[in-house]
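Colleague: Please find one structure pasted underneath; my questions will follow.
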Amino acid sequence: MVWHYTNDVALYCRAFRSMPHCLRERQYFMVKDHDLLLKLTGELVSVNINRYKCGYCGACVGVCPKGALELVETWIEVDESTCIKCGICDRICPVGAIEVMK
């Protein structure tokens, strides 16, 4: 399950990192309203990253709608003031290193 962002449109796909595949196979739906996106994913409070599980692939950084995640050397940094707690990073992480808690 993958969220891709193009401007203000979120494309939800079932296959990891396969935007061309999603567009070709029509295995996605679009969410244009970020408030609706928050309703779909739930309102969340904190983002915890398990640095021992994280492979630093950058998948979470690429899908963050607010750019709150940054890959700095060998760490993922979360800007809590920018993060909207949507939980998309949690859902995209291929190794389950991110946990967004209520």
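Even glycines carry a Cβ here, placed using N, Cα and C.
Quick caveat, the model's predicted, so the values are computed rather than measured.
This is the feature table in Swiss-Prot:
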DOMAIN    45-73  domain '4Fe-4S ferredoxin-type 1'
BINDING   Cys54, Cys57, Cys60, Cys93  [4Fe-4S] cluster 1 binding site
BINDING   Cys64, Cys83, Cys86, Cys89  [4Fe-4S] cluster 2 binding site
DOMAIN    74-102  domain '4Fe-4S ferredoxin-type 2'
Colleague: Pop the mean pLDDT for the domain '4Fe-4S ferredoxin-type 1' (45-73) in here, whole number is fine.
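Modeller: So the average pLDDT across the domain '4Fe-4S ferredoxin-type 1' (45-73) works out to 88.
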Colleague: Would you find the one among the binding-site residues Cys83, Cys86, Cys89 whose Cβ has the most company, meaning other Cβ atoms within 10 Å?
Modeller: Cys89
Colleague: Considering only the binding-site residues Cys54, Cys57, Cys93, which residue has the minimal Cα-Cα separation from Cys64 ([4Fe-4S] cluster 2 binding site)?
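Modeller: That would be Cys93, the closest of Cys54, Cys57, Cys93 to Cys64 ([4Fe-4S] cluster 2 binding site).
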Colleague: When DSSP states are folded down to helix, strand and coil, where does Cys89 ([4Fe-4S] cluster 2 binding site) land?
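Modeller: Note: Cys89 ([4Fe-4S] cluster 2 binding site) is helical by DSSP.
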Colleague: For the domain '4Fe-4S ferredoxin-type 1' (45-73), what does DSSP give as the number of helix, strand and coil residues?
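Modeller: When I sort the residues of the domain '4Fe-4S ferredoxin-type 1' (45-73) into the three classes, I find 5 helix, 8 strand, 16 coil.
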Colleague: Show, in sequence order, which residues other than Cys54, Cys57, Cys60, Cys93 on the same chain lie with their Cβ within 8 Å of the centre of the Cβ atoms of the [4Fe-4S] cluster 1 site.
Modeller: Ile49, Gly55, Tyr56, Gly58, Ala59, Ile76, Cys89, Ile92, Pro94, Val95, Ala97, Ile98
Colleague: DSSP three-state call for Cys83 ([4Fe-4S] cluster 2 binding site): helix, strand or coil?
Modeller: coil
Colleague: Measure from the CA atom of Cys54 ([4Fe-4S] cluster 1 binding site) to the CA atom of Cys86 ([4Fe-4S] cluster 2 binding site) and give the result in Å, rounded to a whole number.
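Modeller: Just about 19 Å between their Cα atoms.
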Colleague: Please report the Cα separation of Cys54 ([4Fe-4S] cluster 1 binding site) and Cys83 ([4Fe-4S] cluster 2 binding site) in Å, rounded to an integer.
Modeller: 19
Colleague: Cα of Cys83 ([4Fe-4S] cluster 2 binding site) to Cα of Cys60 ([4Fe-4S] cluster 1 binding site): how many Å, rounded?
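Modeller: Given the Cα positions, Cys83 ([4Fe-4S] cluster 2 binding site) is 12 Å from Cys60 ([4Fe-4S] cluster 1 binding site).
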Colleague: Among the binding-site residues listed here, Cys54, Cys64, Cys93, whose Cβ has the fewest other Cβ atoms inside 10 Å?
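Modeller: Per-residue Cβ counts within 10 Å for the binding-site residues Cys54, Cys64, Cys93 bottom out at Cys54.
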Colleague: Say we define neighbours as other CB atoms within 10 Å of the CB. Which of the binding-site residues Cys57, Cys60 has the fewest?
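Modeller: If we count Cβ atoms within 10 Å for the binding-site residues Cys57, Cys60, the smallest count is at Cys57.
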Colleague: What's the CA to CA span in angstrom from Cys57 ([4Fe-4S] cluster 1 binding site) over to Cys89 ([4Fe-4S] cluster 2 binding site)?
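Modeller: Just about 12 Å between their Cα atoms.
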